[in-house]
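What follows is a set of notes on a single structure, which appears directly below.
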Amino acid sequence: MTRDIVITEVALRDGSHAINHQFTVEQVVEVASALDEANVPYIEVSHGDGLAGSSLQYGLSRTPELELIEAAVSVCKQAKVGVLLLPGIGTIKDLKTAAALGVGMARIATHATEADVSAQHIYQAKELGLTTAGFLMMAHMAAPEKLAEQARLMQSYGADVVYIVDSAGALLPDQAGERVRALKQCLHVPVGFHAHNNLSLAMANTLVAIQEGATWIDGSVRCLGAGAGNTQTEVLLAVLDRMGIQTGVDLYKMMDLAEDIVSPILQVPQEITRDALVLGYAGVYSSFRLHAERAARKFGIDSRDILIELGRRKVVGGQEDMIVDVAAEIAQRYSSTKIR
């Protein structure tokens, strides 16, 4: 089968953020089965923050992720199940455990300027026989030249593909294009792109990335992902078909999956709320939204103020504990102002 673009469906990983990591085995089986039947080549399954992400810091999973991964693997006849691993959260032991369950892909994620911490994890994933991707998160925080330098490191460690990851949904189309061009000029492995829709630019950025040569593309069915979600897979498939770009994925089956199976899972409609918009505007990690909203309720303040301050401080993924600290500081300032 010819695929001009390789689609990885991320709803069962990135979408975990949107539902507070409450996926059940039954939901994963139903979604993964439908994705496999639609001929999606890669399906990512894990806690939203990757292997071993279930914690007070990032959010506790309702169901142990290994059970979810095993369930997905058991129903996939052609698709490879993938996992995300952030060094420092997940370990090589976690990677080996996932591989033993039958996963076929590992994506090793670091901050955009910290590719060096991925070396042993990429090497181990390759040793385990997994399709291995480097995942450069918060890509808006690194200039194209810096991002290219980091991508070359991941390639040198053995990555089969390197992704530009717009974790905050902050990139504008020209910025997305610049970054893809920079990687295409210096890599011999394929370039991937992962978008978030916080500024309503996920589709535009993804199409620009494809036009600049990215061939591994992430989508999330029904837009189920952190913040305002990702590039909506079924919509992307329709657009690419109109453009004459082959994905090998069945559009009608993906539409049915979105409408009949994934839509009922959503706790609220996936839309660009004011907080999701501020994520993209301020350049804040998309999974911070629900954490900031909880902190705002606790301290009686505006969640947008928290997110704007986090953006000003350039807080990155893994610093979720800063959200409560910032909220407390803002609440103290509010209180001091009222006293005066």
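Glycine is no exception: its Cβ is also placed from the backbone N, Cα and C atoms.
Per Swiss-Prot, domain 'Pyruvate carboxyltransferase' is recorded for 5-255, and the stated evidence type is sequence analysis.
What Swiss-Prot records for Arg13, Asp14, Ser167, His194, Tyr285 is substrate binding site. Non-local neighbourhood of Asp14 (substrate binding site): Glu44, Gly48, Asp218, Ser220, Leu224, Gly225, Ala226, Asn230, each in the same chain, at least six residues away, with C-beta under 8 Å from its C-beta.
Within 10 Å of the Cβ of Arg13 (substrate binding site) there are 29 other Cβ atoms, across all protein chains. A coil conformation is recorded for Arg13 (substrate binding site) in the three-state DSSP classification, outside any helix or strand. Under the heading site 'Transition state stabilizer', Swiss-Prot lists Arg13.
For Asp14, His194, His196, the entry in Swiss-Prot reads Mn(2+) binding site. Note on His194 (substrate binding site): other Cβ atoms within 10 Å of its Cβ, all shown chains, come to 32.
Feature annotation from Swiss-Prot assigns active site, proton acceptor to His17.
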Stretch-averaged pLDDT - the domain 'Pyruvate carboxyltransferase' (5-255): 97
CB contacts for His196 (Mn(2+) binding site) [other CB atoms within 10 A, all chains]: 32
Cβ neighbours of His17 (active site, proton acceptor) where a neighbour is any other Cβ within 10 Å: 26
